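So the structure is just underneath, and the comments pick up after that.
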Amino acid sequence: MLVSFTILLLFQCLGEGIAYVLHLPVPGPVIGMLLLFAALLAAPALQRKIEADANELLRHLSLLFVPAGVGIVAAASSSSGHWLALLAGLMGSTLLTLAVTALVLRAASPKDGDV
Amino acid sequence: MFELAELRSFWVYLSASPLLGLTLTLCAYAVAQAMYARCKFSALANPVAIAIALVCAVLWLSGMSYERYFAGAQFVHFLLGPATVALAVPLVRQLPRLRRAFLPVTLALVCGSVTAIVSAVCIVVALGGTAELARSAGPKSATTPIAMAVSERLGGLPSLTAVLVIGTGIFGAVTARFLFGWMKIHSHEVRGFALGVASHGIGTARAFQVSAEMGAFAGLGMGLNGVLTALLAPGLIPLVLRWLGV
């Protein structure tokens, strides 16, 4: 577990470093993910080493959103105005995005229902 | 009386250390998971939403400040970074499928990303929201750090954007199942990818609870839409606002 965690943190550091040096608007961990993806393609042995631990971490992805979520709810009470417009925008746009993305992906896929 | 005072001083002692915030976060999550299982893993019992509500209730009842809570919760929050990096692992597993679907995935990503930004701006403006609110809502489908950075650069309200991002994540995770059922979309890859594009990490967390392949495609959708929103939104949002005449 320690080895996998060290590898993940190393790639995160690398991603943060690249984002900082190149002034990219993309967060470091996202760049780290792309770098690890490339590394896993280049060295399949790495995949076997970290696979089980990475999947265990991802199984509890929900937990990791709790602290930030609490902070946002705590801050939300201070915001004001046009809640109806914002709420409708959030709901309508999310449903539209889900539908459009799924329909385009299904329509463009070679076989129906199988990507 | 003496016992009550004792209990009070013990609480003050405990809440001064990070231990309490961390324990509270894990307990709330354990209770949320149990409720989620009790509800037969219904999408309506979203564990993120339940855990957030539980922690908020405890903070409100005990008078504990968010800063004090976060002193402990930050250890959980910190793991979001390595977990994002870890998304590369299931992605590599899906590579053969991904190779075959490169063109459809790219098409769906661009259409989904543009829909997310343009529809949010249009609906907010149509219902009387100001340009500032529309700029804050535009990047709501991207993951929090990207959305806040975009909002700030365009003159939106980054803290409001953060609220909308979390709301989008939870709303998408809760409703996707019913929407896809109604649309008769059954493929786990298609469902997962759309969830990731529309509802970022919280949608991805929901997808992983359903199946590993759904989670992998959600992680892909989230990562790609984050990058694309960072590139598209700064040009697209002012353009749409000008077109709407705001």
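The backbone N, Cα and C atoms fix where each Cβ goes, glycine too.
Automated prediction, rather than curation, is the source of TrEMBL annotations.
According to TrEMBL, the protein carries these features:
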type	residues	note
TRANSMEM	B:12-32	transmembrane segment
TRANSMEM	B:44-63	transmembrane segment
TRANSMEM	B:69-89	transmembrane segment
TRANSMEM	B:101-127	transmembrane segment
TRANSMEM	B:160-180	transmembrane segment
TRANSMEM	B:216-241	transmembrane segment
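Of the candidate ranges B:44-63, B:160-180, B:216-241, B:44-63 contributes the most Cβ pairs within a distance under 8 Å of the transmembrane segment (B:12-32). Within the chain carrying the transmembrane segment (B:216-241), a Cβ under 8 angstroms from the stretch's Cβ atoms is held by residues 87, 90-91, 93-94, 98, 105, 109-110, 112-114, 116-118, 121-122, 125, 131, 134-135, 138-139, 141-143, 146-147, 149-150, 153-154, 188-190, 192-197, 200-201, 203-204, 206-208, all 6 or more beyond its ends.
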